[in-house]
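Engineer: So TrEMBL has the following annotated:
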type     : residues      : note
ACT_SITE : 254           : active site, proton donor/acceptor
BINDING  : 253, 257, 292 : Zn(2+) binding site
């Protein structure tokens, strides 16, 4: 192993240990451990940053001259070192302190539905984030510097154009759907034991390829996937005894993330190409959006398809015979794909979810640019929800205060959810063209051909390529919403009996 490889492995080891502490905090740690866990995390984060900024690591990266993977890793390391050097140490300290205070203030403000109590903290976070954007540098818009932390190369100008096209499509289709009869959904809210839900969810995760010899499923307040190299990739979900889809699709979603991590090439283990150096996070995906494309593909394109339930509804019925005795596969499929506008992003259906993302992105872009003030946010938020979703926001807790992201400084991360949706459709379309009888395989409950294509063209590369490069290599096209819009249009016109010849 080269000197650069050895030092890179040390950094990845620390990042994986940070991930392990994070997993434990969210699944096993007693509540009394939070204060010391925060100190432990801060210590390890400091160690990782010192290892990265060690002149010896920079020298090793500069001198690296191995294969293509090592050269790419060295360039990424040097770019990250340069970015970290541009951010003043005092700004890093101020951000850490402000985030801690803002998260506490947000939690209380959300409980009391009191935006005014959170506003001073959000104002402070916006100010510090603007300074961070200035320190990182950008060409067109300060928001671009933040986007680059999560989706390298993405520009706000690209997002604005993309979102305009998506909104026009989604709102028009939503209006047609709302005029159609709703599917039956009463059976989704019958009693389903947590133990049986877990059994089924784990079966479905394994069906699509999640390897339990290198993974495990636990419960948590918010579902997530996290890895400590490809050899240990864990997922969580949450259960509600009176709502069946939550855990099932939550596990398929997180299994989609896990499939990405478990199929990163073995030779990238403990390397920079399985490390987010700016986010100080061990992860194998090319970007947040690329990672999200895998989770959305397996959850929605596979898990919510008619083919999936034609194959597996019998198993579901065998576990819950009384609850599903009066339900057909077609009825179940229609129910889990129901479109109904929601106030809450995490409860949104597949069609309206992007509208929630657009709202947040447009507001935070304007905040970072200084075009709107924090005090204006509730009014702006409520007006957009009414315009796009036709809903009245009853209080700030179910409106502008519902997400934790801004209190933690995650400005720039929201777009990656929609980018993931778009990329998922592109990858699926390319796989359909490349893999002989892919749809037949899925109809038979055979998921290996799709997983193998994704491994070859996406997963195995880790962070070797930028999202833009990966899309071109896998699909021959740049980011293109066409396949996504076609998929949504065909799916929901069929489900709701709308005219198929209408334009997307």
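Just so you know, glycine gets a Cβ as well, placed from its N, Cα and C.
Explain the structural surroundings of these features, please.
Structural biologist: According to DSSP, residue 254 (active site, proton donor/acceptor) is assigned to a helical segment.
All chains included, 24 other C-beta atoms sit within 10 angstroms of the C-beta of residue 253 (Zn(2+) binding site).
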Engineer: Sequence gap of 6 or more, Cβ distance under 8 Å: name the residues on the same chain that satisfy this around residue 292 (Zn(2+) binding site), in order along the sequence.
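Structural biologist: Listed in sequence order, they are 416, 417, 419, 420, 421, 423, 424.
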Engineer: With every protein chain in view, what's the tally of Cβ atoms within 10 Å of the Cβ of residue 254 (active site, proton donor/acceptor), excluding that atom itself?
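Structural biologist: So the number of other Cβ atoms within 10 Å of residue 254 (active site, proton donor/acceptor) is 27.
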Engineer: Residues other than 253, 257, 292 within 8 Å, Cβ to Cβ centroid, of the Zn(2+) site?
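Structural biologist: Going along the sequence, the neighbours appear as 225, 254, 256, 291, 294, 295, 296, 298, 299, 420.
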